[in-house]
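**Q** Would you mind keeping the following structure in view while I ask a few things?
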């Protein structure tokens, strides 16, 4: 998610393109850019990677003063062309383009409410519901930001959003701050981005993070903010640090890289092991491995090589595609692990199948021992806030003890980061980050989850429509 | 526009494919098919011809009991992917797929009304407005057909529609019957189609035309109809006979071919000319030429050959593309016209440029004289009901006398079908066709046109959105 | 097949594009254009129609002083990308681009000869063999035209060719003149084309046909010709007039349209029938029907409408695709044929299935009688010269008497153009066209056919290579 | 480059697909797979990555007992579709498919020789010349392997090849062994691959490397070898270890990873520096950095993050594309480098622009000092053996002293691996690897370079043909 309000010195479409390239790890299914040229929106979006969808020719035709861009991976709504973002629409006050990251927890109720008043839905994404809420508030509200301000009070769940009205670029973050959103500046142009790495990519300087519950407006008068007193505890998604974000980003004041290294250090302290080398499962496991090595003194080595021409496992939609790509995407570095006692760091265990395959591969390559260290606690609870964690039936930690998981992984020992160590990993003292959401580990959901969602994750709130 | 309610013996996707192929002349920009499998809609639509967009693989995946298909050329709303039909959506009662042919004359008011109540618009087609009107009525109405029944009372202009709810296939025709819509049957399957040629293409037998103001429902109970007493005069678009429809279709009881031949006969009587051969500008001019030849006794010859690998002039969106394609799409048959006095039949004159080019070409090929005969009256008025006639500034007959047009066309003589001969061309006595709309020739609009539309044809009722 | 030698006023790539559009009926599988910019060849070719393969962007990048273009349908060599033409290559004297129409009858021997000397073959088209023969002669020959002159003496069968060396555009026609090739001029630019309709399409004036056995060179010195005394009888393929060529072309001095009309007239005389209307199967049957109507006095009518959005039956490669497209490509014009005794003209009968389907369709539409008249004699012999006529097993006339064919076609009567009437159809008196090849009807092959070809038509002279 | 001779238990097309995926780093422009089904070759190739070009559908249609696959980046011959490999052809003995890695140094002479005997060339790749040489020898030679044996004596330069005749899979390596080629086995199936990582990817066990000058044949009788006494010194390309190969491959007995780490260790010894952290430029610089860290005791850190969604710099064809992609593909890890004295390892310096950009980026991110260490000696000489090193004019080390390069790179100190340390980096004692080619550093070319090549690198030996 990326937005630009340009002072004329920054090209909004190329800046968005570069920003989205830097954010590509956040979604590989579809992408899009909308630009605003004095109220007239042009946009282009399609299935595929940023480099596949956009060309010089297309970017050159996307002229304007503002832009909103998006990369998508589906947590709600099918992986189809119609669901690509930004959502571009006309409403009572002209045009609106919305890019949205997160999951609404009351989308079903809102959808029902809207449908009962005669609304129609052409996509299956939450964003459309949000768009309706804003459009309806705008009937009475004196400004788009005020309409957003009123709408967010009725919308529950996790969301960061960047939207573009004819005159304004608006960034919004939910009251819990589940999803990251930051502000950058380059000359007098303003940039909103999901992660700071995207600011770097287009040469913008980091200004600050958008606060939970804050609505930030960039327009010809510069930057201004609307924010009610927020009583909710801040609940930034812990998984951003563990897996989702890019290692060179700094989210809400905490370096992702440092957090991951810290997790490695904590694991080294939790349960020391006598070993020859420390290796990491690319990419996030490598950071933890460096930390583990620093703490334990066991030398860090490359032990697993990733084929960089195959996409990110976690993000691919169907299970079958996941299996095939695992088999060919990682290889053990035989000469490094042969005859060695290996500590292997990985970021998480979901189904356990991947870990088992990697450990086996290392042993076939001659590793004498493999000690599996996971830089997060076991997954025990579903996420309703926008991370695609499978249902409990598929979570190995819901079905098996840690010891069993170790055996099923063929590991000589196993350890997970302890839940009580999470606050140490994300040291928030002194930087104003008051809290994180660790519900997937702890079951403590910061925002209420409706019963029907609890009953069925990924609730299909309507008869399905399939786009071939 | 095509719809199928299958008894299980007719494959809805393949039938729709064949039907749309037969209707391809009605629109070449985009096409789509939606199927309904027990309430679950699957669909596929894209820019391009039916043969380009669909493949066996896609049709095989479109399984179900009902289908709705559409081919589009843009009269309102840009020629972009988002505007492709059928429009598929979810609403209060599940799914709905709508295919729509025609132009609403109060789309702007309805759009404003809806926007003022917080509605959002993701396309720029009238169909979306119509969909909202139906969805809103459905909140109270006891059935989808009753919702449609109530909605059509609020929607003005020209439209034929085929739509598909979870249980029903519904065909609708506006109270004036501007656009054609007919019913076919094959075993116990029902088919709705814009023209009878599409019934032939899928082996269906013609049952009857849908009546103006009629709502016809096909479901498990067979066919039934809702129709209020209609006080409006029937006003089938005359241009369907002159140009739009395929020559092998029969619309509201009148054969398109016979109507075109009759126009030729009437022209022969209007203003006899001494000539050696009669030729027609392909395709519709050929039918008129055969009629002219019959009446006059002057032998019919092929005089102009059309390159069948280049699309229909009239339908291409931009003027520049039109020019290029004219130059290479028609060629004179030198040996047939050389040294001959030629009567040349064409269906209409819009800007006059095409006629001038064709007459010149014939003269270069050695034609001694070229007598231009137009099988319709001069275009003098814009169409608000779904035919893409340019504004008055571009209509040659609004700027020049018939004599001048003749000279500008390099023709030795020129004649248009007289307005008073139109009723003779479309002989409605005894077949229940009570009237046609000839507003583009006569300026007599059967349905009221709002002032803002008169002021500006193709009124852009909102800030534009451009889809690259 | 099309070639341009430009004096600078004609754009070689756009002229080739327009020329190929006009020749699209000769091949719809693949197409290509090569241009020569001072000896540097650029080219583009792919599977598909001219309008599908080329864009403004591509044509703009094809700059130069000469061009060679080709549209392909496969008679020898699979329908794959590698076989698209023109064949572009480097040889001893730089670059060469060759477009070729026809079939070599000694390709197998030449291929074997070349292979035995260490040659490699990357396509499965005859053209590659021809290219080798030219390249080998060029080692000794003082000029490219002399190399061609020597090569053609060793190459048997049917071919017209246009080729482009660094300095020259060369047109070649085999000694029998099986395939057409004509010369056009526009300012001081020269154009070679398979048919005159392509000269018209790019505004060129007809100069003359290339003579059988003639090699015509266009270069900076204008046009010049090499031609040995030819003892072979001219043998232009009769099927060019009956089916292959476009009706507005004039080949070797005879108008295709007039020839087809003449066939209709001859049929009317051969076997008069009492009927109400005469109709033709589009496209070539229509010309014959007009002729039949003129001779018989029975009025001509449109009786069958062709869907112009589906490609030419004859040209599609596989039988299965042929069947499907027949069913949806033609429709009877019910109002014209109902209750009528119909004479229906078609150009030929191959398997008989299409005729049977069309006659049935007319009867279902209410035709009282259908009298089938075929504007060519029955197919009895295979063609080795480049027309894709199936083997005897598939030719209905090889298996059944004319009477039987009539019955199998559900026709009330049937007649074929008599073989002895062919010379009347193609009246060559006074225009220097000394003869035609009617081997497919008569079995009299003007050029010797090797035994292995007689044994197996479409001889696969090598282990096959399949390009997916 | 990858080849499979299957015993029936290994699917040749899927194995080739997985193998090519593992070798994708060796070429990203085009790729292809040919399979042999009892002498009938099917193939598919196109521009693009392996994942872009191939689908399940295509792989399923590529059935057979053998396969040959290739990924290409252009060192000779343009980056166009026609030049994609494997080259598939027919010759005197049926079909042949050839995949080739390397550059012939006498391609020009051979091309001239062949052209003078009437050969034609349809591609601009060396492989076509090689194919001719083999086809010509096969006329007399008793077997394909003997033909290859005779042909290789006439062909100079660097090449590894995998080829497939109707009955045999053949692997060939030039007498100097410039390019790697190894043999794997899985059950009784044999696999040839450029690198061992591709054996791992399809589950094959490493058997041995093909020897310089060896021709290895796999057929129904298993594996056999032809090899003349080789007098040339083995000259494996040093750049395979430094940059080209994947870190998990073992080439000619030496682990790429260990070689790179060794280079880092040697640099640490060459010129110790007082610093806080060691970082590497991804990917190959990371291995060297780990080695440097081990030797120096300075902690290894991630300091630069690579965007894994953008392709490999070195391999992109044009300079302009290279520049753009550098700017967005690497980012500094601010929190790791801020305030630190940094040792940065990179694999090589070509033009120097990339190094300068990276050092600047680190300094902007707050690095106090940046000490640049290059794990190879300076590039001073062009490569004629298949590595795309630019001409001397573009090599910074040919224009500037090492000190100057350091300044131009904004580095606080700079050091290159000393030429005399190369043998230490690639420790060949006891593993039979008798030598490497370091001509790009030393100017000592193991195989003679013709004068015209010295005069002009990338000699265009013919009038160019451009494929759009």
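A Cβ is built for glycine as well, from the same backbone N, Cα and C atoms used for every other residue.
According to TrEMBL, the protein has these features:
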type	residues	note
DOMAIN	B:1-221	domain 'Glutamine amidotransferase type-2'
BINDING	B:237, B:383, B:437, B:440	[4Fe-4S] cluster binding site
BINDING	B:284, B:346, B:347	Mg(2+) binding site
**Q** Restricting to the domain 'Glutamine amidotransferase type-2' (B:1-221), what is the model's mean pLDDT?
**A** 92
**Q** Given residue B:440 ([4Fe-4S] cluster binding site) and residue B:347 (Mg(2+) binding site), what distance in Å do their CA atoms have, once rounded to a whole number?
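**A** Cα-Cα, rounded: 14 Å.
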**Q** Pop the Cα-Cα gap between residue B:347 (Mg(2+) binding site) and residue B:383 ([4Fe-4S] cluster binding site) into the table, whole Å please.
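**A** On Cα coordinates alone, these residues lie 17 Å apart.
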**Q** Across all chains shown, how many C-beta atoms besides its own are within 10 angstroms of the C-beta of residue B:347 (Mg(2+) binding site)?
**A** 24
**Q** On the three-state reduction of DSSP, what should I expect for residue B:440 ([4Fe-4S] cluster binding site)?
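**A** Once the DSSP labels are grouped into three classes, residue B:440 ([4Fe-4S] cluster binding site) ends up as helix.
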**Q** I'm trying to understand the geometry here, so how far is the Cα atom of residue B:346 (Mg(2+) binding site) from the Cα atom of residue B:237 ([4Fe-4S] cluster binding site), in Å to the nearest whole number?
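**A** Spelling it out, the Cα of residue B:346 (Mg(2+) binding site) and the Cα of residue B:237 ([4Fe-4S] cluster binding site) are 19 Å apart.
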**Q** I want to verify one value. Collapsing DSSP to three states, which class is residue B:383 ([4Fe-4S] cluster binding site)?
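**A** Residue B:383 ([4Fe-4S] cluster binding site) sits in coil per DSSP, no helix or strand.
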**Q** Between residue B:237 ([4Fe-4S] cluster binding site) and residue B:347 (Mg(2+) binding site), find the distance joining the two CA atoms and give it rounded to the nearest Å.
**A** 15
**Q** What whole-number Å value do you get for the CA-CA distance of residue B:347 (Mg(2+) binding site) and residue B:437 ([4Fe-4S] cluster binding site)?
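**A** Per the Cα atoms, residue B:347 (Mg(2+) binding site) and residue B:437 ([4Fe-4S] cluster binding site) stand 17 Å apart.
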**Q** For residue B:437 ([4Fe-4S] cluster binding site) and residue B:284 (Mg(2+) binding site), determine the Cα separation and express it in whole Å.
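**A** Residue B:437 ([4Fe-4S] cluster binding site) and residue B:284 (Mg(2+) binding site) have their Cα atoms 19 Å apart.
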**Q** So around the [4Fe-4S] cluster site, B:237, B:383, B:437, B:440 aside, which residues have their CB within 8 A of the centroid of those CB atoms?
**A** B:178, B:238, B:239, B:385, B:387, B:389, B:438, B:439
**Q** Based on DSSP, name the secondary structure state of residue B:284 (Mg(2+) binding site): helix, strand or coil.
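**A** Going by the DSSP assignment, residue B:284 (Mg(2+) binding site) falls within a helical segment, counted as helix.
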**Q** Which one of these binding-site residues, B:237, B:383, B:437, B:440, has the sparsest Cβ neighbourhood, judged by other Cβ atoms within 10 angstroms?
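**A** Result for the binding-site residues B:237, B:383, B:437, B:440: minimum number of other Cβ atoms within 10 Å at B:383.
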**Q** Cβ-Cβ under 8 Å from residue B:284 (Mg(2+) binding site), same chain, 6 or more residues apart: which ones?
**A** B:242, B:243, B:247, B:260, B:347, B:375
**Q** Around the Cβ of residue B:346 (Mg(2+) binding site), how many other Cβ atoms lie within 10 Å? Please give the count over every shown protein chain.
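**A** Result for residue B:346 (Mg(2+) binding site): 24 neighbouring Cβ atoms inside 10 Å.
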**Q** Can you list, in sequence order, the residues of the same chain other than B:284, B:346, B:347 whose CB lies within 8 Å of the CB centroid of the Mg(2+) site?
**A** B:242, B:243, B:260, B:280, B:281, B:283, B:285, B:288, B:345, B:348, B:374, B:375, B:376
